[in-house]
Structure formats: structure tokens, C-alpha cells
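Feature annotations, reproduced from Swiss-Prot:
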| type | residues | note |
| --- | --- | --- |
| BINDING | 158, 162 | Mg(2+) 2 binding site |
| BINDING | 158, 162 | Mg(2+) 1 binding site |
| MOTIF | 158-162 | motif 'DDXXD motif' |
């Protein structure tokens, strides 16, 4: 299979080609020495980034201030009102109201809430000073919770489909007593609640139609990505291609994780210019790809306690960045082990797969990808129009760099 079919986001093609051409023969020390060189010259050929030459992997922009603890506290303070809005519509059906409240508490209020907080932070960065009223900040927080509800919806469905064990350090929702397959119906309660809140709080706003279309588009695209993810698992080795992975990542992760929160804030801030939305989307989809590659890496090599869930990609035979690169770089004996062990639930076989990942120096390859991707996206941000504050996008990018959970 030609390399161009096995690369990561085309953003990092030349970097990955350099390392993949080692064919697994170079020891980790040689790889590390290569990483220390400042003489690399790569050409980026991302579908979202104009091709340009990069002289070095150093000299990134100054990292700006990020979301504060006060922002997180204020965001959480709105959550009880969100739950009340959702439960008051059915005052005569106490069982349903109780279930919705429990659903929200268990599946929406936890986690890092990065997507929801991104809506608020983005609005503060994008809106003119006169629009930063307490009422508008509160509305941005409500819309942030709408994004978090979509996240909760996808989490419940994904955990059920993957038969995951834990999420955020607790048993997955479907594993709670009395839930089981009902989790699919419960997830729909969260999804419908998201659109209920949009209607309740935004139907008289100029941006309401754009906002609903944005959420529906994110929902549709993410569903496409989730579905393709489910049907792309090993042992069908023809599914382990980077073209397929790029599609899954773009649709399953990038749209609702990065594009949706920022585009929501843009509409709320009165930014309708199609070119500005195109530029923002271009950067945000690249961040989403970067985010998913990180997730794939952390699923295998991350700290389970810090992440809050047990990695399952190997036993599920997922189409992941690590798996694709491993099959590309593996020697015939290594490939034979991967084909016999990848996608099985036996602990000793899972360990064999992970051992081969290490033999192939995939942690070092990943860190090289991360360093180069961070710098290339930084340069793309620096090319954005003045109507898009660079600090906003640099902050989001910096939150990604080197994350451990």
C-alpha cells in the first residue's frame, strides 16, 4: 500500500514519511537523535492548510492565558438551572423528571467540560465590549451546556456500542442496575433536551436558525463518524487505512469537539461572514484531528487513573492512528502477530500488540507528530484574518499540546 494511503492528517505527511521510511529498523535512540535536529525541512500538504515550507520545529508563538477556575465555577453554577428547565416541562410525570435529572447529573455534569467552556471563552474573545453583558454571558453558558449535552449523548451511545467498562472513573451509564440497553433511549432524552434548551432560550434571537442548523449539522456528521467507526474494526484489514481514519476523525470528533463550540460563539457574537467561518473551520478541524490522534495514543499509553477510563481500542480492533502506523511499519513476523492478536480480548494478546507498538517506536513517532502538528497549526493560526482573534485559537491549541487526559 502506498504511503499516501497510510499517513495521518495530510498536515504531517512529510514528517510521518520520514519516520515510516525507517521501516522499523532504527532504534529508539536514533529516532530521538533525529528529533533533536533543527535542520528538518518539511512541506505541509493538509487539505485545510496552504502548502508552505517549515524551517524548524522551534520558535512557536507565545502561549496565551487560558480558561480560569472562575470561568469553570461560574459555568457549573448554571447547571442546576439547566436541569430545572429540562424537568419542568413534565411536571405531571415525576418518574421522567427524576430520570432526566439523574441522566444529566451522571452523564453531562462530569468530565472536563472543555467543549462547553470553549463556547463561553470564545464568546468573550469574539463579542464586542458592549455585548459582554451578564445576560449574554449567561446565554453563552447555556449554549455551552447544550454542547456538553451533545457530548453526553454521544458518550452514552458510544459506551454502549463499545461495551466500555468505565467513563470518568465510574461505571458507564449502561452498566448501572436497571439500565442496560435502555441507555440508547436515555441518550435520546439528552439529545432532545439540547434542542429544547436552544428553542427555549434562543428562538427570538437573530442567530437561532443558524444555530439550530449548526447543531443539526454537528449531530449528523458525528453520527456518520460514529457509524463508520463501528463498522471499521479489525479483522477487515482493508478498513485500516488513513483515508478512512481521516474521515472518521473529522466527522466523529472534529466537528462537535472544536468546530461546534467556536462556531456557536461566532454566531452569538454576530459573526456571519462566510469567509471568516471557513477560515475558523479550517483550523478547528485540524485541531480535532490532532485531538483524536492524542486520544488514540492515550488509550494505549495513557494513565488510566488520570484519563478516567480503561483503554479498549486494541481489544475492539479499532481503526486508530497507532494501529494504522503499526501495520505500515511492521516486519512480516510483527505483522503476523498483529493480525492474530489485534481485536481480541485476551490480556496476553493485548500485551503482545502493545509490545509491538513499543518495538516500532510508536511513542517517539507520536511525539514527533505532535511537535510538528502543533507548530504547523500555529502557523496556520497566524495567517487568519483580523476578524478572528489569534489568541482564541492559540489558547485552544495550547490546551491540546502535551495533554495527558
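Yeah, the Cβs are placed from backbone N, Cα and C, and that goes for glycine too.
In this view, residue 158 (Mg(2+) 2 binding site) is surrounded by 17 other Cβ atoms within 10 Å of its Cβ, with every protein chain counted.
In the structure as shown, the Cβ atom of residue 162 (Mg(2+) 2 binding site) sits within 10 Å of 17 other Cβ atoms. Residue counts for the motif 'DDXXD motif' (158-162) under DSSP (helix as H, G, I; strand as E, B; rest coil) come to 5 helix, 0 strand, 0 coil.
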